Amino acid sequence: MSNNVSRRHFLAGSTAAAGALSLGGASAFAADPLKVGFVYVGPVGDFGWTHGHDLGRKAIEKEFGDKVETTFVEKVAEGPDAERVIRQLASSGNKLIFTTSFGFMNPTIKVAKQFPDVKFEHATGFMTAKNVSAYNARFYEGRAVIGTMAGHMTKTGKFGYIASFPIPEVVMGINAFILAARKVRPDAEIKVVWVNSWFDPGKEADATKTLIDQGCDIITQHTDSPAPIQTAGSRGVWCFGQASDMSSFSPEYHATAILDVWDNYYVERTRAVMDGSWETSNVWQGMKEGMVQMSPYNERLPAEVVEAAETVRKGILDGSYLPFAGPIKDQDGKERIAAGEAMDDGALLSMDWYVEGVTA
Amino acid sequence: MSPDPGLLNPAAWKIEPRREIPRSLLYATPLLAVVLTVIAGFFIFLFMGYDPLLSLYHFFISPLLTLYGLSELMVKAGPLIMIGVGLAVGFRANVWNIGAEGQLTLGAITGGVVALAFWNETGWWILPLMCGAGILGGMAYAAIPAFLRTRFNVNEILTSLMLTYVATLFLSTLVYGPLKDPMGFNFPQSRMFSDSGLLPILLEGTRLHLGSGLAIAIAVAGWVLMTYTIVGFQVRVLGQAPAAARYAGFSGKRLVWFCLLLSGGLAGLAGTFEVAGPIGQLIPVISPGYGFTAIIVAFLGRLHPLGIILSGLVMALSYIGGENAQVVVGLPQAVTGVFQGLLLFFLLASDFLVRYRIRRRAIQAAPDGQTQAAEGAS
Amino acid sequence: MTLDILVPIILTVVGSATPLLFAALGELVVEKSGVLNLGVEGMMIMGAVAAFGVAVSTGSGTLGIVAGAAAGMAMAFVFGVLTLTLAANQVATGLALTIFGLGLSALLGAGFVGIPVAPLAKLAIPGISDLPVIGPLLFAHDALVYLSLAAVVGVAWFLKKSRAGMILRAVGESDISAHSIGYDVIAVRYRAVLFGGAMAGLGGAFLSLSYTPLWNEGMTAGRGWIALALVVFATWRPWRLLAGAYLFGGVTILQLYSQGAGVAIPAQVLSMLPYLATILVLTIIAAGPWKGRLDAPACLGKPFRPST
């Protein structure tokens, strides 16, 4: 898989040296700080996805102090610009570069070929190379926790889900949520509205209102702005935050949020580069490693809801609760996963079908 | 119009349009604008707590110091120039295509579909076929506003802009559906094009592709078209004096079609170049706003194809310099946006000095109304 | 029964249409004076950040609204200096204004991300606002919604009935003639441009104080562009603009609603509907008995300098 991008003759040659000399003039003396670069798809102030990665960057700075020097480039478009930015980071002396969006995968692989002495870490993709690792978080574990809570909390049995784009990540999240919820409330269903954007507060708010008007009494989202939380809260509807703790936007109805916590992984990988132990890896970490966490439960939640959530969370931690354990039927009622089996990682990572109970 | 307007202007200065524009000014004013931007930037960066000289250096100079940097400048400027040249022809004739972004997207789709249809096949004809498809795709998409304008008198500003959103959603439908890479774990992207569907690289070790070179050639062709052909003449007349154009029997409708198809075709070709060049596959979003930025480029280049080459390069530099300043100096993206805005403001304002001159009122002013009338409007 | 469904939908449409209405109405007046300002998005986002910042800092939504309008005006003033005083190209200057505004707002707003603000109070009238159907539809909005509707009436009256409005239209139709009979073209256009800025700023303020009371970089998400298209849609008439903004908002909500209801049409296709519907409706209007009347101000986008 990883090699189908070596399509151009120039990539084969090692032209990296020429590039490495071009900018910044940062020659690596032993005492020099390790330069770590980050490529963000959104603004650091998005309060969602990019914000989370930027917290990870700050964790590196906090851990290593003046032994590291971090740089980031924000709002990099997924397309022709990405390759240039990644290359610029590599050629100005960054020895470890995190590219934090799926669309940066092919550019990362291309640039990595030209800079064999630079380590790259690409988030949410599937390609690796000698100096490129892939990493991702098992967000679906968090979805299973909030799905369970939603199953207990709902009266109407209808959930509203504000979604961005139907990539496997999002599809998987929707499925994990409703699978967990139906274990509590077998007749529950989920209505999905695609806003075709990761970030459009107005449209996300409109989608939230629409879903509430259609009888949904729990709102959750896979978009980046806190608008759904705010809107649901103002209508007195319980909701779950995304990527960061969004409780300030509805202290009353923000039940909990699934947090992306990249801190540990980023610190670990930086340390690995420093002590020379960095190796290519392809990890998918979850609650056990702390990459996925739940923000504090709302104090107004009934005790049994919190208890149910904690049971699932602990089950995930000790491996006794598998969010995608069979039997699983798809939207049309056909059995996809038999009882006693569970979906493996490969099937999950490319999931493009919905389970029973989803209207999408 | 009025030789003596009889207005008692309290200012001691008189502003009047130049009858002839000195060549030296044409070149000097953009330089003046850059100098002013540098001064303004110096204080902004200083105020924000960044090293002003270092920031300016990495904004304007360091991207130009390496061969790779120069090649990237061309990669970024290429689509801006191509689209800008096409749009400029329309703008001269008062045809307001602001949906080049959508036409670019369509061209990327049609060109890309050809590449994918002949995936893993080899043949010199694949690439020209893609380009042809890209041009036709862009043209077909621009034909919608052209048809609605000429048939129903529907304003093309609205239709071309609205169709841009539709194009993006259409591309999204395709890459999330039928064009999805079967081996790509259901991620929204097509297969990588095979070698026959990729533009040749002009400079080893860079991304400078054939399309960037063709962009310049197209601009030159645009200049020939506007300067030496009947169509170019008609476009200019239609823009400056629609009544005269009607009198002379030019078909306004035919020119609307011409302008929209030309700009749409070039935008479509630019789209194909993007997917066959730096991207190499179809992805949900092809262009970082080239279709809109090209509008600025067209006017900054004074709607002149050769000027557009220059303004396209300046615009590209402002983006690349902005990224560079983020990487090296740590300027936030927002600061580079503000700085880019200022640069454009100064460049646009400096035009004033080209077109008008400021004189002391005490000096005898030559009364002239004619040049004003020509300047003011049709 | 149907009313139970309709009333909340209409309320959502009101929220969706109001920012568009503000910005488009301002731009309509600007264009009527012969000036094309494509910087609506930039003025709007500056209005949003200023309104939010001031509302958070002072705790007063009213001051926030004023600040939003003022920020939009300040941006419009920059545009005016460049295009009116210095006769720079309007299209390019407008686009540059958008780039500038998006950058500056992100810079100014960096400290306000993640902070909530109390939404604008609804102007409820005890008793009447609680009436079924009519109450929530007519008497439970915040001040800006009413202001946007009043502005439609005001602008319509101004353009059609007032003397100043007549001069403004004359300036937009033929700047040279207006100038030669003694009107100060530049001054009229300055006023129009500043009004447009204030309205775009109010649209932004509505976004960050009422629609989604929060600040995030780029939160206008292209609404300034839609506003520009709506002016064309309305063929430069305020009442049609009202219809256009509510049509666009309405179809947007309708498509979201259809998705939630599980209509078997792909979401991307549904999302195209607002854009396609706008084109379709405009075509129908243009092909109808009003055929051939584009009504674009004759001097739209052309620079003017008095020969003084």
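Please read every residue number as a count from 1 along the shown chain.
Each Cβ is built from the backbone N, Cα and C atoms, and glycine gets one as well.
Note: TrEMBL annotation is automatic and uncurated.
As annotated by TrEMBL, transmembrane segment applies to B:25-47 (among others).
For B:77-95 (among others), the entry in TrEMBL reads transmembrane segment.
Here TrEMBL flags B:102-119 (among others) as transmembrane segment.
The transmembrane segment annotation in TrEMBL covers B:125-148 (among others).
The transmembrane segment annotation in TrEMBL covers B:160-179 (among others). If you look at the transmembrane segment (B:160-179), the same-chain residues 6 or more away from its ends with a CB under 8 A from one of its CBs are 96-103, 105-106, 108-109, 112-113, 116, 141-142, 144-145, 188-190, 282-286, 291.
Marked as transmembrane segment by TrEMBL: B:214-235 (among others).
Marked as transmembrane segment by TrEMBL: B:255-273 (among others).
Annotation comment: TrEMBL describes B:279-299 (among others) as transmembrane segment.
Residues or ranges marked as transmembrane segment by TrEMBL: B:306-322 (among others).
Under the heading transmembrane segment, TrEMBL lists B:334-354 (among others).
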Q.
Using Cβ distances below 8 Å and needing 3 or more such pairs, separated by at least 6 in sequence, tell me whether the transmembrane segment (B:279-299) contacts the transmembrane segment (B:214-235).
A. no
Q. Thinking of Cβ pairs under 8 Å, which stretch from B:25-47, B:102-119, B:255-273, B:334-354 has the most of them with the transmembrane segment (B:77-95)?
A. B:255-273
Q) Under 8 Å, at least three CB pairs between the transmembrane segment (B:125-148) and the transmembrane segment (B:214-235) (pairs 6 or more apart)? A) no
Q) Taking pairs 6 or more apart in sequence, does the count of Cβ pairs under 8 Å between the transmembrane segment (B:25-47) and the transmembrane segment (B:334-354) hit 3 or more? A) yes
**Q.** Contact call for the transmembrane segment (B:306-322) against the transmembrane segment (B:102-119), three or more Cβ pairs under 8 Å
**A.** no
